[in-house]
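See below for the structure under consideration.
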Amino acid sequence: MTTAAQIPGLEAAPTKHARLVAWVREIAELTQPERVEWCDGSEAEFDRLTSLLIEKGTLVRLNDEKRPNSFYAASDPSDVARVEDRTYICSEKAEDAGPTNNWMDPAEMRVKLQGLFEGSMRGRTMYVVPFCMGPLGSHISALGVEITDSPYVVISMRTMTRMGAPALEQLGEDGFFVPAVHSLGAPLESGAADVPWPCNTTKYITHFPETREIWSYGSGYGGNALLGKKCYALRIASVMARDEGWLAEHMLILKLTSPAGKVHYIAAAFPSACGKTNLAMLIPTLPGWKAETVGDDIAWMRFGEDGRLYAVNPEAGFFGVAPGTGEQTNPNAIKTLWGNTVFTNVARTDDGDVWWEGLTKQAPGHLTDWKGRDWTPESTEPAAHPNARFTVPAGQCPTIASEWQDPKGVPISAILFGGRRATAVPLVTEAPDWRRGVFFGSIVASETTAAQAGAIGKLRRDPFAMLPFCGYNMADYFAHWLEVGQKADQAKLPRIYYVNWFRKSPEGKFLWPGFGENSRVLAWIVGRLEGHADGVETPLGVLPTRDALPTDGLQIDEADLDALLTVDIDVWKQEAELIPEHYQTFGDRLPAALWAEHEALVSRLDG
């Protein structure tokens, strides 16, 4: 076995952080790489690594005239998405992981990982990637170091985080960091040929909440391999937030300026495929309103000295789903992707650009699909994988807010929760207090089957849009939200709203046009925050009056508008009957306050 002293580059650590240096040495001895590189995040390093990846066949440089400094990657067809069934929360006690997470005894998992990681980087370079989640120097930010044997991960981390020398400098000689180890699980024996996308059929994405560690094996794909994203910024950070009294959330952050010049910041949590990025990059249809982007996916929120809740976007880039993103749905995203972008599992055009379903109304006559095959509009499979991605610097977004890197964060005025609901849930409902808002967050769901008229389809619950990302028992997470609200100055807490852009008629037609028209709902919310928009009390909460929701210039049927702005008592009685089954999943750890909210809803519906 090679000792640490024999591994080139290991002793060249550009830091005096003793714990970091010792940990890197320990992982090098375990994984046995050919050499170690300490990443500085420089442009020269990026250029060197992209050239290496082109040489290996992992990346293809796109046409510089069409897409400057941009690249295309195609993954192994077995490695295309997050692997929820291989994602573990290894808390000391199983009950602390809770019923919504996979748990394994940490001692057992460590033995398993030890066996998998032993020699797993043989024949490869081990990269040490220091990074900062959130603006450098912010009291809301936190540091991490990822060790990886994937240069694709290194270049992606440079886009998605503040990576390299500045993060290492911030760490100093004894600063706290989350250690994150990633291996493709594809050691290269001497003289063996590599493949363009190395990975392993065995995959483990593991989190140790008490020790704040992340270990990921076998996947080179996004959320499994870019460990600053879901693994740190949500699963580990949610545990840190619980212990330290803050919030780490799966939320966009939007800056809204009214025609009167008043600014409000709004955070919103929606499950995937419910329009989070589209709302984050909203182009308002209402005259005089301006929307700007602070973040599209994750928010870290702490109370400031003035008692208000301040949020930062811990990421530095967007890791977005390409299919469905087009001029019609999200023109700002399309403008963001002009260059400096890595596209993964999209299709390639004959002139060296990229394409995916939804980019244009008509597909090109010929493409190379994500599996490298010829594709024409007559082909039976999509040209791009449905989870094809783009990785792009957030600063390129034309609507990026000037405050997006403000170390103080931005003060949140309102928090939105919502799922994809064809039935029951009105367009927008205001919670009368924080507790009702937490109740709304706890019951968020999307309908996975079509509903019959007057009935509810099959629901997939995704409380707070955190189901795949909460790093501890979700019942304790609800309790944490309730506690955060109890301790705060009630007058300064953000107001909470339950929204639904996806109501359908019995015939299956969307009742609300969505996209830029959602600015009308935001205008009513701002009106409520400022005390000049009317609402009507319902058993669910406060809904807009017909006159209070700005509908000028909107082509919408009166009956559809009525359905959007009504709480159907009979349907909501059915909805309320479905909640206990969801709550019982959490057993006696579910906060009594949420059962009380449910009982109060039932009694208001009966009233």
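Here the Cβ of each residue, glycine as well, is placed from N, Cα and C on the backbone.
What Swiss-Prot records for ARG82, TYR221, GLY222, GLY223, SER272, ASN387, ALA388, ARG389 is substrate binding site. DSSP assigns GLY223 (substrate binding site) to a helical segment in the three-state reduction. On its own chain, GLY223 (substrate binding site) has ALA81, ARG82, LYS229, LYS230, CYS231, PHE319 as residues at least 6 apart in sequence with a Cβ closer than 8 Å to its own Cβ.
The Mn(2+) binding site annotation in Swiss-Prot covers LYS230, HIS250, ASP297.
Swiss-Prot lists ALA273, CYS274, GLY275, LYS276, THR277, ASN278, ARG389, ARG420, PHE515, GLY516, GLU517, ASN518 with the feature GTP binding site, giving sequence analysis as the kind of evidence. The Cβ of CYS274 (active site) lies under 8 Å from the Cβ of GLY418, GLY419, ARG420, SER446, ALA465, TRP501, PHE502, each of which sits 6+ residues away along the same chain. CYS274 (active site) falls outside any helix or strand according to DSSP and counts as coil.
Annotation source Swiss-Prot lists active site at CYS274, citing sequence analysis.
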Which listed residue (ASP297, GLU517) has most other Cβ within 10 Å, given these are binding-site residues: ASP297
Largest tally of Cβ atoms lying within 10 Å of a Cβ, found at which of the binding-site residues TYR221, PHE515: TYR221
Nonlocal neighbours by CB distance (under 8 Å) for THR277 (GTP binding site), same chain, sequence gap 6 or more: LEU252, ASP296, ASP297, PHE318, GLY320, VAL321, THR325, ASN330, ALA333
Collapsed DSSP category at PHE515 (GTP binding site): helix
Cβ within 8 Å of the mean position of the Cβ atoms of ARG82, TYR221, GLY222, GLY223, SER272, ASN387, ALA388, ARG389: remaining residues of the chain near substrate: VAL80, ALA81, PHE319, VAL321
Cβ-Cβ neighbours of ARG389 (substrate binding site) (radius 10 Å): 26
Cα distance (Å, whole number) from HIS250 (Mn(2+) binding site) to ARG389 (substrate binding site): 18
Environment of LYS230, HIS250, ASP297, the listed Mn(2+) site - residues of the same chain whose CB lies within 8 A of the CB centroid: LYS229, ALA233, LEU234, ILE298, PHE469
